[in-house]
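Participant: Take a look at this one; I'll ask things after.
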Amino acid sequence: MRWALIGASRIASSYMIDAIRSQNADIQSVLSSDAARGEAYAREHGIADSFTDLDALLADDSVDAVYISTTNEKHHAQALAAIAAGKHVLCEKPLAMTLDEAGEMVRTAAGKGVVFATNHHLRNAGSHLAIRELIASGRIGKVLSARVFHAVNLPDALRGWRINDAAAGGGVIPDITVHDADTIRFHLGEDPQEVVAKAAASGLGEGVEDSVMSVWSMPSGAMVQSHESFTHKFAGTGIEFHGTDGSIFARNVMTQEPVGAVRLVDADGEHEISYDKHNLYHRALGLFADAVNGKGRPSADGVDGVKSLAVALAVREAAQSGKAVAVNYGGF
Ligand code: NDP
């Protein structure tokens, strides 16, 4: 497979270029809005071509797939152009700024017959696959509640548009709540119905929220408590599931690395759960390549991206209005 990168981003250089190449795929080109930066990026990463014009990049018939990792407001138009050119698309989260845009991306890809995936990496973690298996196999009985805490210290290098540019999709809700929504959906196999929330700027946010807490009701009756922040230096991340027959405590698992501990507590005592420590992004790219070859589906597809965005938008609306908000999935 041959790829093009749409966006000369940090996430591509730190994880995704390596992940694409881990599947014996080539990266042919990169798009940047700045010619000099794009050329330097291409040189640094051994990429043959750099473009500032998307149509020129997409005109290369040797490119099978694109990875979109520009700032969030650009994903929609870039994805539609790539789909129109017949490319398979792996798009960063949040898929778009609005539910309508995200839905259009996913429906257009389906109409064109190309694979469309969302880069929700956490589904690929061995820790989360183990947690999901514990829940699915009934080890904790009926799930009563879940708590996810994903309150981190946003590294200096990431403190640009994320904290000061609402028009580029900044704010902790589009940045992190989408991941938590996807992870909860992945584990529980159901979609949040209604949310209440409070958001704040607690030291970093300039015109956007940098912290949010929300509570979601699930169709099964389970309740979910979710906390995301950019300003917590020592809080650590984690996820918990509490059921009628047991509880799962996972620490340091809301991360890009294959790390963290998973513990099951039930009537027999405490059990450390072992899991496979593979690279999250390598697995995502492997499943994407399989889907392109007609085998299975990406770890998170376009509908997953629409739904995680829908939950995040409901959380933001609930925080702004102070009211309970029913999650609108736009017909998905
Ligand atoms: P960056 O800020 O690194 O990149 C976004 C855009 O900013 C790039 O496309 C680039 O524009 C421009 N840019 C990057 N570096 C510079 C620079 N030094 N000087 C000037 N402009 C620069 O964003 P991230 O990599 O953090 O995030 C990109 C996307 O990926 C977002 O949608 C984000 O939500 C998502 N993401 C997903 C993660 C995951 O694990 N799934 C993790 C991190 C981010 P141009 O391309 O025009 O050169």
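Any Cβ shown, glycine's included, is placed from N, Cα and C.
In case it helps, TrEMBL gives these features for our protein:
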type	residues	note
DOMAIN	1-120	domain 'Gfo/Idh/MocA-like oxidoreductase N-terminal'
DOMAIN	129-248	domain 'GFO/IDH/MocA-like oxidoreductase'
Participant: State the mean pLDDT for the domain 'GFO/IDH/MocA-like oxidoreductase' (129-248).
Facilitator: 97
Participant: Give me the DSSP three-state residue breakdown of the domain 'Gfo/Idh/MocA-like oxidoreductase N-terminal' (1-120), ordered helix, strand, coil.
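Facilitator: Its residues divide into 55 helix, 25 strand, 40 coil.
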Participant: Treating G and I as helix alongside H, and B as strand alongside E, what does DSSP give for the domain 'GFO/IDH/MocA-like oxidoreductase' (129-248) in helix, strand and coil?
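Facilitator: Result for the domain 'GFO/IDH/MocA-like oxidoreductase' (129-248), in helix, strand, coil order: 35 helix, 42 strand, 43 coil.
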